[in-house]
């Protein structure tokens with residue numbers, strides 16, 4: 001009665017579940033790598049921005065001190 005074709009439903013479902021699990025894990029790995037790359041880029045940019053603001057503040061302070069001493073009455 002059987003023509004020799006035997007369908008392994010449990011095996012097919014198991015393989016499908018395993019494949020979906022691997023795909024999901026790969027998506028998590030890609031998202032993880034992307035977040036790590038963003039963090040690696042943001043860290044030096046943040047430090048550079050902080051250094052730039054500090055330099056600008058120092059320069060502005062020196063300019064204000066020079067202007068103040070130029071305006072101040074001489075004794």
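Cβ coordinates are placed from backbone N, Cα and C, and glycine is handled just like the others.
Note that the structure is predicted; figures quoted are calculated from it, not measured.
Straight from Swiss-Prot, the features:
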- 8-17: repeat '1' (REPEAT)
- 8-61: region '4 X approximate repeats' (REGION)
- 29-39: repeat '2' (REPEAT)
- 40-50: repeat '3' (REPEAT)
- 51-61: repeat '4' (REPEAT)
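Counting residue by residue with DSSP, the repeat '4' (51-61) contains 11 helix, 0 strand, 0 coil.
Mean pLDDT of the predicted structure over the repeat '2' (29-39): 96.
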